[in-house]
Amino acid sequence: WHKKYCIYTKFPAGQNPPQGYRYASYEMIVPRKLTPRYGQNPHTITYLLQIEGKGHIVKLRKKKSFVPKHFPVFTYSREGDLQMDYPFIRDDCFYRGLVKGHPASRVTLSTCSGGLRGLLHLENRTYEIEPVQASATSQHVLYRLEEMVGAVQMRCGLTEEEQRHQEAMIQSTNNVTVQIDARGAWWTHTRYLEVAIVIEHERYVRFDRNESRIALQPLAVELSIAGLEIWSEKNLMKIEDSMEKTLLNFVTFVKKSLSKHMHLDAAHLFIYKSFGPRLGLAYLRSICLAHWASGIESYMSPSLFAIISTDKFSNCSYKDYFSVRNRKCLLVPLDLIELEDKEECDCGSTEQCKLDPCCQSNCMLSPEATCAFGECCVECQYLPVHKVCREQVSSCDLPEYCNGTSEWCPEDVYVQDGAPCSDGAYCYHGNCTTHTGQCRMIFWQQSNRASKDCFSEMNARGDRFGNCGLRHDTYKKCDTQNILCGRIQCENVDKLPSLEEHSTIINTPLGNRHCWSTDYHAGMEIPDIGAVRDGTPCGTEMMCINGECKNVSLLKYDCNVTKCHNRGICNTYKHCHCDYGWAPPDCLNQGNGGSIDSGPPPPRNTSKHSVNMTGIIAAIVFLVSTIFAVF
């Protein structure tokens, strides 16, 4: 997976446009900050900008968690010693938003050094804005960017050949399966990413050896800078003429050095070196794969506004993103602050701490508090032991409980993949999924799975209405054996749902039947509800995985009846989750159930009524057995 970023900060007078672009025009404007309305979110601001003679209202929201409270900057002495500093970096002046009345617009601005600096994308035009230095009337220059005719178009260095090479290399060296929480794939949630930035020595020199001139703004998921490393004295790896070799060298550096002193989800190296028309290179779909989540960028332009003026992902990039969006490193919110040594909590600024009953401004808990955050912390106190902190959401899911001594809920685990569930299905990533269940989720409870004829008719087409996914930006026809793993096909639909914008409901007559399905545009930032879900049965001991019908044996389910003594089920880690009445780890001794991973479940209250019923049932069984013994 590869992301594109805009990079901007303070820049010298006579700003140059990004490579391949020119300034088509410029104008002097005075942005007018509008008075906030009553009840307006305090983290939002609104400006009126005159752009090419028209007034536009720009609505901005402050970006949170962009710069960490303690922002580490690493440099090197002439002797090669690593030096760390925590410079003051304002984190309350980065904004993003849009132009009112233009939902496709994009605005990325900073107010950190006075005035407005940043980029606006409006009606297929891109503008740069910066304040005029020492202007008594708050004047700003607004440039309009335009692609230069005949200019070499900078592009990503990831060719199809390089992609195949990467996939083979990562698979052969890692040989691991990345954990993905597939339940989250059914809903849209914000993802989070901490990126380490490394500045190569020559690029540092071209910055006039100024260590305070970098900021970064993402175009998609919530992004935070994990830290900045500057090769201030010399390069710490060889910069090759080959972009591929340079990237591989950087991967080695991240593994052996950078990751040792910086917590990161991904790392990017900015290089002052030309690789022809290739702007950068990264390992596709590598996020959360340790050091493989690395990229390099050729950063030759003197422009500090933008390396590349891309403001959205392509369809194929969205597809790649959604294939990795539930990897666990992306699910940890950036506001889960990593506490420094001797800190018990972190309530933010002095003003924010005044509103926090659990945490003091010195980063210590309030006198009566035992905790300040976490799923098992309520009103500054640990929740009692046995309290459910994560409910069971399906027959293939498992609940988790607070332990009474920690603010954190145990890690989310579920039934081991491959365990039988209902209707001939098998558990897969916490779900028990069937075609009919998916139809009823989309087309209401009266609908059912369509006949196989519907699947054969639609999914053999290889178009947006019937396919088994995308291959190199082209819809893939479903082979006969995979026909049930393409687009979901439903019957008995008498009520149409209200779907997201740009979604289409398809009704295809087939003899005396009607096949119902949905299509999907790969550029949409929502999950595809019409693709048959992974884990759906497609035959005897077969299930759909990534649009193909696979044998369930691939999941290596090995939880036989003896492992948990027929008193429980195995979880994600192949540990026994015991039924009530038995205790982990092996369900041999009496207890309240659960596993070594779930936290302690509560004891169940046994009422007098239930005791009496148990006695009555036992007496009846004894009586019946006696009668049969007599006869």
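The first residue you see is number 1, and the count goes up from there.
Glycine too: its Cβ is placed from the backbone N, Cα and C atoms.
Just so you know, TrEMBL annotations never went through curation; they're auto-generated.
As the structure is a computational prediction, the values presented were derived from the model and not from experiment.
A disulfide bond in TrEMBL ties Cys409 to one cysteine from Cys380, Cys389, Cys432, and that cysteine is Cys389. Between Cys578 and the candidates Cys564, Cys587, TrEMBL records a disulfide bond only with Cys587. Local packing around the disulfide-bonded residues Cys389, Cys409, Cys578 was summarised as the count of other Cβ atoms within 10 Å of each Cβ; on this measure the leading residue is Cys578. Cα to Cα, Cys409 (disulfide bond) and Cys587 (disulfide bond) are separated by 23 Å. On the backbone, the CA of Cys587 (disulfide bond) and the CA of Cys389 (disulfide bond) stand 23 Å apart.
In this structure, the CA atom of Cys389 (disulfide bond) is 18 Å away from the CA atom of Cys578 (disulfide bond).
In the shown protein chains, 23 other C-beta atoms lie within 10 A of the C-beta of Cys587 (disulfide bond). Cys409 (disulfide bond) falls within neither a helix nor a strand when secondary structure is assigned with DSSP, and so counts as coil.
DSSP gives Cys587 (disulfide bond) a coil state; it is part of no helix or strand.
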